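Have a look at the structure below before the remarks.
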């Protein structure tokens, strides 16, 4: 270990920055946020320093580096564009045993500045020891996506409850189980973020009053249309907190690779060599695992409330009194159309969009007359086996035979394939495509030749 990571208490302590440019301004902002009593020494200053000085936030000393400014300092930063000056600052600080950071010169510095994720009072610092700042920044960005913005509020509130928790729960094990429940409670986190004091108090009292081995909960998460980059941040957070993930065939392997490693996984979809698990059995799996006290994530392709039968699954949980929440996902219609260069609406061609299931309950029938109307886009989910019928019905109810159509197979993934033609070819085109696939019908499909961007990657 080349550097010891420490967190410095600088509030109301003297610190010095030498330099008055953009880099110095970024360092000054950090020290001011930490509450330092800051002096900045430079030949010239960018305007932001004057603003801060006029507001009484720092002291400016205009002129060459004056090493006597270090005499009362706890910490210094050399941030000029002159290597000689920076080295003088470093040497002067070293002789006084003052920690000094030298921007872009880690070997000349006695401490380095990490990339910071600020969820005060929770702080995360990432450093490559000065060898690869870009790598540290990229890692910080990944960690940023995993840590909700309101996490600091949750941590601060936890501090207020520590004495009560210690008083109510006698053993370390009981306290640990309480805090585990506390920190994964989405209702509490959202209430804190919304400054809803009534909801915060109600949720807190519920956490304290319920048994530590109480029933678990189910989170219905939309995984998006395929590309793992389209999974929402909240969806990612949920699958990394899950005890068990119940998933279907439309969830890509890339997304499943993001699931917490020690979480149990239950596959309930149809693939080669597997039989589709009946919906009622899926409902019972969710119910059974939640009743064991587990945090269950039901992971579905697309959005769980758009032809995902999410409502049916939640009704079962509701009847049993199991807590649940929903994380929306990007639905296939939106993702597949965007990755195919097909805008679902356009002022010249489509003023509305209809999302239609091609898989009806026995005896069901679609409203073909309205579906055949002009100036709209139709998106059929699960319609591949009914493509010939869709073609026949739309033409019979008045849709023009030359209406453009597209079928998107494995949309948004590296395996995406798009075939397109006109309505009279729909049944034939469907024979060239394998599930999962989406059918798009409308004049907007004609824009694909100009707007298709994904195939160029």
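Glycine too: its Cβ is placed from the backbone N, Cα and C atoms.
Keep in mind it's a predicted model, so treat the numbers as computed, not measured.
What Swiss-Prot records for 248 is active site, proton acceptor. A coil conformation is recorded for residue 248 (active site, proton acceptor) in the three-state DSSP classification, outside any helix or strand.
The active site, proton donor annotation in Swiss-Prot covers 270.
A simple way to gauge crowding: the CB of residue 43 (NAD(+) binding site) has 13 other CB atoms within 10 angstroms, across all the protein chains here. As annotated by Swiss-Prot, NAD(+) binding site applies to 22, 23, 43, 44, with the evidence given as sequence analysis.
Counting only same-chain residues at least 6 apart in sequence, those with a Cβ under 8 Å from the Cβ of residue 128 (phosphoserine) are 135, 136. Annotation source Swiss-Prot lists phosphoserine at 128.
Residues belonging to the region 'Precorrin-2 dehydrogenase /sirohydrochlorin ferrochelatase' (1-204) score a mean pLDDT of 92 in the model. Marked as region 'Precorrin-2 dehydrogenase /sirohydrochlorin ferrochelatase' by Swiss-Prot on the basis of sequence analysis: 1-204.
Look at Swiss-Prot and you will find 216-457 tagged as region 'Uroporphyrinogen-III C-methyltransferase', backed by sequence analysis.
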Which listed residue (22, 248) has most other Cβ within 10 Å, given these are recorded positions:
248
So which other residues, same chain and not among 22, 23, 43, 44, have a Cβ within 8 Å of the centroid of the Cβ atoms at the NAD(+) site?
19, 20, 21, 24, 25, 42, 45, 46, 79, 80, 81
Name the secondary structure element type, per DSSP in three states, that contains residue 44 (NAD(+) binding site).
coil
Alpha-carbon spacing, residue 22 (NAD(+) binding site) to residue 248 (active site, proton acceptor), which is rounded to whole Å:
51
Length of the line joining the Cα atoms of residue 44 (NAD(+) binding site) and residue 248 (active site, proton acceptor), in Å:
62
Taking only same-chain residues 6+ apart in sequence, whose CB is under 8 Å from that of residue 23 (NAD(+) binding site), what do you get?
79, 103
Can you tell me the CA-to-CA distance separating residue 248 (active site, proton acceptor) and residue 43 (NAD(+) binding site), as a whole number of Å?
64
